[in-house]
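Features of the protein shown, as given by TrEMBL:
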COMPBIAS  356-371  compositional bias 'Polar residues'
DOMAIN    178-325  domain 'EamA'
REGION    337-371  region 'Disordered'
TRANSMEM  21-43  transmembrane segment
TRANSMEM  55-75  transmembrane segment
TRANSMEM  87-111  transmembrane segment
TRANSMEM  117-138  transmembrane segment
TRANSMEM  145-165  transmembrane segment
TRANSMEM  177-196  transmembrane segment
TRANSMEM  208-231  transmembrane segment
TRANSMEM  251-273  transmembrane segment
TRANSMEM  285-303  transmembrane segment
TRANSMEM  309-326  transmembrane segment
């Protein structure tokens, strides 16, 4: 009885480590959210540069910054990393998939932002969390009613947002429908990227994943550019067509600060960092808040005109769906934990009564625990 009381007392103590992780995760998420919101408007400041080349420049800068960080985090975690799980075909395929998903989605997002508002491009591309919830429904996985309601509200709000015919770009090439469709296609790709990255996080530190993944992305994107674009000035510092155009005297300082640090390490890296603290569909849904900050930056930088009323209504509706989805996920976790504890207690109690009558029950209990 005494030992039970002690264990019960220990259970009642607040989980300080969990609370600390929640605080750290929330702070990192806020930083990553602000930096992530700036990705599209800041990268679009490379005026006249093809969208695929903008992706190549960004990949180079991210790999450059993450290389020393990746080496450091690998060194301090070297004793806990199981290399037998890292150097496998499964891990290689996961890295290739994450690189392909992100390369395709991010390139299409930059293309989308050339024709539609920053808020439209980012809000549609970041529906990955809603996509994952829909995937859970199809697979028959547990989905809380608040998650479902939140997803429905978000989808309706997206339709409202797309119907904003009063929004225009300042570059004179407004095509809201085309830009919105391209942005919408990005969302399942980003959702799959979050899922694959969450699997890789079980094997390597997040910064190492970013380094390897974006190195692969750099080669994929460069190969695509060489195949489909004029490569006359590709191997040069040309500010519009060169692979090292970001390092030209005109862009060097801007590239190293705004693109390398803000949109690279804090923005793109933030997507992976936050997966250490929150599940993939919550991370994907949190980034639906990007359009607010991104649209403000787009207006300040002179890329967009003020959006129409439908954009405001749609954005606030999506935020409401976000809140419900997060609430549903938080309510679902304790319920699943309680059911697991109850099953374990039932199995233990039946194992401690070895009478003839309980042999069948004991076997079924063990089977249930193994499941």
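Just so you know, the numbers here start at 1 and follow the chain as drawn.
Just so it is clear, glycine is given a Cβ too, placed from its N, Cα and C backbone atoms.
Per-class residue totals from DSSP over the domain 'EamA' (178-325), listed helix then strand then coil: 112 helix, 1 strand, 35 coil. In summary, the transmembrane segment (251-273) does not lie against the transmembrane segment (145-165): fewer than three C-beta pairs, each 6 or more positions apart in sequence, are under 8 Å.
Between the transmembrane segment (177-196) and the stretches 21-43, 87-111, 208-231, Cβ pairs under 8 Å are most numerous for 87-111. Using a cut-off of 8 Å between Cβ atoms, the transmembrane segment (208-231) and the transmembrane segment (21-43) share fewer than three residue pairs, counting only pairs 6 or more apart in sequence. Same-chain residues lying 6+ beyond the ends of the transmembrane segment (309-326) with a Cβ under 8 Å from its Cβ atoms: 117, 119-120, 123, 129-130, 133, 146-147, 149-167, 281-282, 285-286, 288-289, 291-292, 295.
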